[in-house]
Amino acid sequence: MKYTDILYEERDHVAYITINRPEKLNAFRPQTVDELIEAIKSSGWNRDIGVIVLTGVGNRAFCTGGDQSDHDGQYSGRGSVGLAIEELQGTIRDVPVPVVARVNGYAIGGGNVLATLCDLTIAAESAQFGQVGPKMGSVDPGFGTALLARCVGEKKAREIWYLCRRYTAQEACEMGLVNKVVPDAELDAEVEKWCREIVEKSPTAITLAKRSFNLDTENIRGISMLGMQAVSLYYDTEESREGVDAFMNKRKADFRSKR
Ligand SMILES: CC(C)(COP(=O)(O)OP(=O)(O)OC[C@H]1O[C@@H](n2cnc3c(N)ncnc32)[C@H](O)[C@@H]1OP(=O)(O)O)[C@@H](O)C(=O)NCCC(=O)NCCSC(=O)c1cc(O)c2ccccc2c1O
């Protein structure tokens, strides 16, 4: 597959996958999601690769979730909401190698869900984390909610979703969403250091460890499949469309009048 929305590079047994949509703060559209799935699958099953690094181009954003300018209700691709997001989330979990989120700038909405799903997260000091769904007419009821609760605890996860606040990298680290925060200029060196340490270890032992962690939260995949189907119905409502329209027109949403 020739990539348009992502960049792909292999170095020292590490695959670097970079979302390359800076004009949209690295938000994803159906094409982006399909390319991410292909790149993660093909590198993850390549026996020469021991770690995948997922990141976003530039220093403004890791990923800001679904591209709000690319849908009117449903998106136009595969999957329950026209984005193969269930498949992308499953692919991050299913590949036999760890996926490391290198978070630069915003990890917002579906971008924060991707970072949550990654095995490890290393963030630049200036990175910001948060969910925005209920402010934008969306929600990721599956890994986005239940796996987040596993990472940060129930109360904090509910706060993150209900209030849609933004959290600094340091706050995200303290709540268990991030493994390590480093000064922005040291992000690449730190990510490379962690990858080198993983690549030196027994690949089979790492895969078995990853699979065992996954198994313990595998029921969330079922919640996600059901949840996405419900979101698909929600996306066709006036209430959901109000969130997208308000964001695109830079105004405050009035959800209550659209229920
Ligand atoms: C990310 C922000 C907090 C940044 O704010 P800031 O003020 O720094 O920058 P701007 O707002 O001016 O943004 C600059 C520029 O980028 C455009 N942009 C930013 N984010 C997006 C986006 N997600 N989609 C499209 N475009 C985006 C913005 O319009 C500006 O363009 P200009 O032309 O005006 O310069 C802030 O931007 C922000 O809050 N962004 C919105 C984030 C958002 O709504 N994300 C989607 C949430 S829903 C989601 O991700 C999601 C995805 C799924 O696939 C799901 C699947 C199934 C179920 C649920 C899903 C789900 O919830």
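The backbone N, Cα and C atoms fix where each Cβ goes, and this holds for glycine too.
Every protein chain shown contributes to the tally, and the Cβ of TYR75 (site 'Important for catalysis') ends up with 21 other Cβ atoms within 10 Å. Positions annotated as substrate binding site by TrEMBL: THR64, GLY65, GLY66, ASP67, GLN68, TYR75, TYR106, ALA107, ILE108, GLY109, GLY110, SER138, TYR235, LYS250.
Under DSSP, TYR75 (site 'Important for catalysis') is assigned to coil, being neither helix nor strand in the three-state scheme. Positions annotated as site 'Important for catalysis' by TrEMBL: TYR75 (among others).
The number of other CB atoms found within 10 A of the CB of TYR235 (substrate binding site), across every protein chain shown, is 20. DSSP classifies TYR235 (substrate binding site) as helix under the three-state reduction. Among the features that TrEMBL reports, site 'Important for catalysis' is placed at TYR235 (among others).
Checking the binding-site residues THR64, GLY66, GLN68, GLY110, TYR235 against ligand 1, the ones with a C-beta less than 6 Å from an atom of that molecule are THR64, GLY66, GLN68, GLY110. Cβ-based neighbour count (10 Å, all protein chains) for GLY110 (substrate binding site) stands at 26.
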